[in-house]
Structure formats: C-alpha cells, structure tokens
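What TrEMBL annotates here:
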- 74-93: transmembrane segment (TRANSMEM)
- 100-121: transmembrane segment (TRANSMEM)
- 127-146: transmembrane segment (TRANSMEM)
- 167-187: transmembrane segment (TRANSMEM)
- 207-227: transmembrane segment (TRANSMEM)
- 239-259: transmembrane segment (TRANSMEM)
- 265-283: transmembrane segment (TRANSMEM)
Amino acid sequence: MSRTRSLATRALPALSGLLLFLQSALVITGGAVRVTGSGLGCPTWPECTPGSYTPVPGQAEGALHAWIEFGNRLLTFALLFAALATVIAIFRAGRRDLRFLGATQVLGILGQGVLGGITVLTDLNPLAVGSHLLLSILLIAAATSLHSRRHHPYVRTSSSQVRISRLSLAHINVAFIAISIGTLVTGSGPHAGDVDAPRLDFAITTITRFHSAFVWLLMGITIVFLLSKSLNFETKRWLRVFLVLAFAQGGLGYIQYFLGVPEGLVVLHLLGSVLVWIAAWRIRLSVVRKAA
C-alpha cells in the first residue's frame, strides 16, 4: 500500500465522523436561527446584505441576528470543505464502494445552499424551511451510512425473515414521516425565524396531535421489532438505543408543548430528532447491510 493510500485510509474515519457531526450540527444551528428570530438577519442571498457578504455595522436587522444567521451560513462552507476532503480521501484510499455516498454529500450540500437561498428570498416560507430540514435529514442518513463503512466495505443483504425486513422498512419510513410532520408543527408554531414570516394554516393542537400519533406508532413498531426472534446483535443493540432516545425525545416533546415551546427546549428537541434519526437509520443498516 502506497504512503498516500495509507494516509487516506487512516484519515477516512475521522473525516467521515467530522462530516456526520457537521451535518447534524447544521440542524441545531438552523434551529438556533429560528428561535432567535434571526432567519432574515442576512436578508439577501448569497450576500448577507446588498454589497457585502458579511454583516455590516448598523444594518437594520441588528448585529446579533445578522451574526447568528451569518454563522449558520459559514457552517455550510465548513461542511462543504469537510465533504470535499472526505471525497478526496475516498478516492485516495481506493474505496470505490464509498464514492456514491461521498458524491451525494457534496451535491446535497450544494443543494442546501440553493434551498437556503430560496428560503431567504421567499421570506422564510415554512414549506421551504421544512424542506431545508428534511434535506439535512437525508444527508445525515447518507453520512451515517458512509461513517458506518469507514473501516471496511459492506455489501447489501436481506434478512432471512420477511417479517424482519418489513418491520425495518416500516420503522424507518414511519420515523421519517414523524419528522416530516414535525416540520409542519414547527411551521404552524411561534418560531418562524422572523416576526413577519408566513405560517402554515394548521391548528397547532391538531397538527401536534397528528405528529404525536405517528410518534406513538413508531414506538409501537419499535417494541414489536425488539421482541421479534432471530434479530442479530447489532439490530438489537440499535433498537435498544433507539428506544431510550425516542422515549426521552417524546418526553421532551410533551414538556415543550405544555410549557409553550420555550426556545431552549425547541433546540434540544431538534437535537433529539437528529439522534433518534441516526439510531433509526443504523437499525435499517443493520438489517440490509453486512461486512463484505
């Protein structure tokens, strides 16, 4: 093995871990932008203000809002550099099995930039904001897949039991639906990212109950899944992790609802969503992938 290939192989686990961390962090910083009302702290795109790519003293949106939004934009560039470095390491290490996943990260991040611009130019339309989050969720899934294969290739497999395969598919789909409905709850609630931003015309109580129903459905599927026979060790382990995270996330959801969705709990709930999603995706991977 050449020295360059050896270095790339050793660097790949750290780079893929950094990529997953930054993809997750972008969701959290995006939440911070919303709860602080900083969504239009930089009112133009790709510039922050007309004629400047950075906040300027005395701008109408206020220095704090401008720098919070600008910091979120900067994280996107850090994420792009991490993705490019990961792709370079993938090619140098000769990991053909990871090229597609690496490419999806770069293209997805560029897509996030475009979607971010649309979000700003539509004055934080809640559907654009929600799409922004859901694209992050998909990119986190891809980054999780990439990081899970950091040491050696995996091949696609299938469970010997049709029931296990169907449960894993139902589990990940319901998890994604629950998160998607969560974006509608946020789009109907008080944290729009700006005081004048449009909101979805859903009754907050109704859409929250709809979201809660899918969360409880997900919990039921998880328990049935965990009690199934012939699960491999990794699937059992990730199901237990998921169950703990999901109960904590559900409890946090109820607390923030009854307290009137305070800003700090909203950001924590976003963090919980990311952790629950990663665990759900690892469950799916444990069923459909195995070491080559």
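Each Cβ is built from the backbone N, Cα and C atoms, and glycine gets one as well.
TrEMBL labels come from automatic prediction, so no person has curated them.
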Long-range environment of the transmembrane segment (74-93) - Cβ separation under 8 angstroms, sequence gap at least 6: 4-5, 7-9, 11-12, 15-16, 18-19, 22-23, 25-26, 29, 99, 102-103, 105-106, 109-110, 112-113, 116, 146
Leading stretch by Cβ pairs under 8 Å, where the reference is the transmembrane segment (265-283) and the options are 100-121, 127-146, 167-187, 207-227, 239-259: 239-259
